[in-house]
Structure formats: structure tokens, C-alpha cells
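> I have a structure here, written as C-alpha cells, and I will follow up with some questions on it.
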């Protein structure tokens, strides 16, 4: 089977090469970059090596994004520390000094302690009485170490009760940093190249992480996390985009999903066990930050973006990259093809530039764009909130995190192999509705394994929606503003993630409230998808008129798997991956 596939692909390569080498009458044949890349090898040794060479940047992205969760997560089971009762066991201290409170998850107060003369209580053997006066914790808190067995910055600095919002605020500031970093690193990428942008953003993340280790208070911690946030998620996405530029459209969907499925998922699953092995929040901060310094070695094994080189007029450098690919892939590019490519590039005229504001001047496109921003924001809020709700599931925090993170792998496979069959619209609608159902079930099934399983399924479905929406966004926008429009949608997602920590924080008032809000957001996301156009197996809009026509023709019941094909085509290029 594998040999047959290789024969078919080799035959395709030969046919494509013969087609490119055919003499043309009159004007020289137009050869674009993708056609030149096909001649050098579509997906062979060079692309495979580059695929693995970019893997460290997925590790860097995981470290930057998830490290804060493991250095701030407190044990949900905590109570006031009473130094006079230090000689008693933790259970005895809690039973004697902490008033009962049926409104809390564990049945006793987390912020109040009986106001009593404990030396007298111990001597006389008095039993706690609900009529005793209470007061706020004065000497800090003690935590159930079977849940989070190492000190976090939250437990060390007592960010509990009236300071319980500190964790959420620091996380929100991290995402504010990512918004600023998005603009800054985007400018670097356009001015100096994708590779320098990947390296600089990773070094910024390294700096923010190392500084976090020396934070002495909430203000310093917030500033350092803001700096670290400037690296997210540019440190990963820039290298990822370079990888995609060296793969032809035929393989981009597969590479795009498999890179995340293999690298991002594996590193995310390992993250809780790395934190557990570190044993202290400061060690976690160093261990997840110091490796980012390795990014300075990236220019030794990762090439610059060829499309960026072409956009800067550095045609010879871009051609040298292609010649390197052909040499490693053991393929020879006829000089005639290279000359035709140079001729094509020299004759290309710049397309009329359009501001992203042009989107808002056309009502159909404006409506679609705003709805897509809302759709993606819903996905990011749910994605991040489910991650941060792991500690509220009543099961082992580290096992729960790994199991929930594993859903990335099957969800990527679904997107890669089923989305074109089912369509963007109905896949998003069905997955968001199922996410809503399973998130809501988390409230009713009780804590432990049942709640973890419901969260796993909810995360699985929102992963599918998240990845489908990212691709869907690029497919509804015209070529002239596809890049800038997709960036605006991405920034809306950052704003959503800045809100999600506060949604999770609401559990201190009502334990089930965050899950109800997440379920409502998922249902709203499903409702939004009804008003978006289906793009599966349709030509990507090249002009504003084409995008406007696409936005007008919305068929609620359109589903590719139920549609009769109008004609038979040999393949389908997904142009939404064009840089």
C-alpha cells in the first residue's frame, strides 16, 4: 500500500515536472513560487527535517502559555493557619478552629477562623461551637498538599480570599501583553523577517520567565508576566508559518494539523509532570524559561521565509533556498524553470493595497467579519476557561490536565480528515453544541472521574471548533486583507482569553457558575455559526466582490457530504494557508 502511494506520488511529480518544462509559445511560461517548490520536491527529506527542526518552538509555546498556571495554581482545599495549634494534625486543627460553611465545596470556611483563646481551649478541652465569634485569617493559610504538593506563588504570598483575584488579574495581564506583543512582533516580522521575529519573541518570553522567579509581590509578578505574555503565541506561530511556506498547498493541511497534533499535544501532556518534578514554583519558572535561550541557535537549522524574501525583492536569496531544497531532496531543477520564475517575479505588479477598514464599508463582508470575530472569541474563551477549570474537577489535578490535553490529537485528526466532508458550518455548529452540553453536564454529574470525562469531551469538541474556525476565517476574507483581517480576529481571541480567568474566578462565589457561563458561550457560538457562509470546496475569494457574493449566499442546510458534486476534480488546494 505504501509503495503504491509512493509510485503514485512519484508519477505526479514527474507529470508536474514535465508540465513545467513544456515549451510555451509566445510569452514565457509564468512560474509561481509553489510551482518552483514542486520542482524542488513537494514533501521530501528537506521538509521532514524542517518539520522536526521547528518542534522546539512548539515546546517554547507550551512553556510560555501554561507555565503560569502551574506556578500560581493553589490547592482549592485550604483553611486559616493557627500557629497556636501547630502541634495538632492538620485535620484536628481544621476541625477545632475552622467554622463550618455548607455553601463552600468542602463544607468549611476558607477565609474565617474562630476568634478564641486557643491555649485555654486546649487546656479545657472545649468543643467548637457555632456561636463562637469569627474573624478573618491573620496568620496566612495552610493547604491540602495532596492536591498541589509543591509551593506555588499563590500559596507563598497568600493570594487567597480578599486577594483571590490576583491570580486571574495576573493571567489577564499576560494576555494583554500578548496583544501588545502581537503588534510589536508582527512589525518585526514584516520589517526584519519571520525568523528574527520567532527568535526575538522567544527571548522576550525567556526574559519574562526568568524575571518571574525574582518577583517579590503582586505588582512585580504582574509586570513580569506581562513581559512573558508578549511572546505568546508568536514564539511558536512564526516558526510554524515558516514550516508551512516550504510545503506545497497539496500537503499544507496535513502538515498544519500534524505539527500541532504531534508536538504541541505531546509537550502539553508532559507539562504537569515537568512541574511536578520541579517541586517549587521558582524552579518551574526557571526550567520553563531557560530552554528558550536555545532559540538563538534557530538560524543554524531553520531558513528564512521565502515569501518574505520575495516580498523584500531578495529574489536570488529565495531561489538559493529552493536550490538547497532540491539538493537535499536529490532533485534537479532545470535552469529554464528558474529563469521563468525570475521573469515572472520581475513582471509581477503590486496588487492594489487595501486597508482592513475596507471590510467595514461593505455590509455583507462586515457582518461576516464581525460574526467570525465573535465565533473565534467564543472558542478561545471556552478553550482557556476549560484549561483553567481543571483544579475544580475534584480529581487529581495533574492527571486531569494531561488527559484533557490529549484531546488535541484526535481533534486535529478530525479536522484534517473530516472537515472537508462535513463542512465548516455544521462541524462548528455541532461541536459547539456538544461542547455546551458536556460542559453543562459537568455541573450535575458530581466531582471526580465523571466531571473529568465531561470536561474531556467538552475540550475535544471545542478544540475541533477552534481549529475549524481558524481555517474558516481565512476562507471568508478576500486576498487583499486576508492577513490583516485574520490578525484582527486573532487579537479578538486574545481579548477573550483575558476575560476567561475572571470567569473561572467566579467559582469562589458559586462553584458551578463558571461551567454554566462556559456552556452558554458555547451555545452562543453555535448560534453564530448559523449566520456564516459555508466555504468547503469553494474557491477562496480573491476580490472584495467575490467575498461579498460569498457572504450573501448563505444556505442554512448546506452540507458538502449531502451535496452532489458538480464535476470531478483531481485535487483541491486550500489557499487559506497562503502567507
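Glycine is treated like the rest: Cβ placed from N, Cα and C.
TrEMBL feature annotations, pasted as is:
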DOMAIN    49-537  domain 'Major facilitator superfamily (MFS) profile'
TRANSMEM  45-66  transmembrane segment
TRANSMEM  172-190  transmembrane segment
TRANSMEM  197-215  transmembrane segment
TRANSMEM  221-243  transmembrane segment
TRANSMEM  255-274  transmembrane segment
TRANSMEM  369-387  transmembrane segment
TRANSMEM  399-419  transmembrane segment
TRANSMEM  431-462  transmembrane segment
TRANSMEM  509-532  transmembrane segment
> Can you see whether the transmembrane segment (431-462) and the transmembrane segment (45-66) are touching - at least 3 CB pairs under 8 angstroms, only pairs 6 or more apart in sequence?
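No, since the transmembrane segment (431-462) and the transmembrane segment (45-66) share fewer than 3 Cβ pairs closer than 8 Å, they do not count as touching.
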> Which bits of the chain, at least 6 residues beyond where the transmembrane segment (399-419) starts or stops, bring a Cβ under 8 A of a Cβ in it?
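Sequence-distant neighbours of the transmembrane segment (399-419): 253-254, 257-258, 260-261, 264-265, 268-269, 271-273, 386-387, 390, 393, 427, 452, 455-456, 459-461, 463-464, 467-468, 471, 536.
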> Pop the mean pLDDT for the domain 'Major facilitator superfamily (MFS) profile' (49-537) in here, whole number is fine.
88
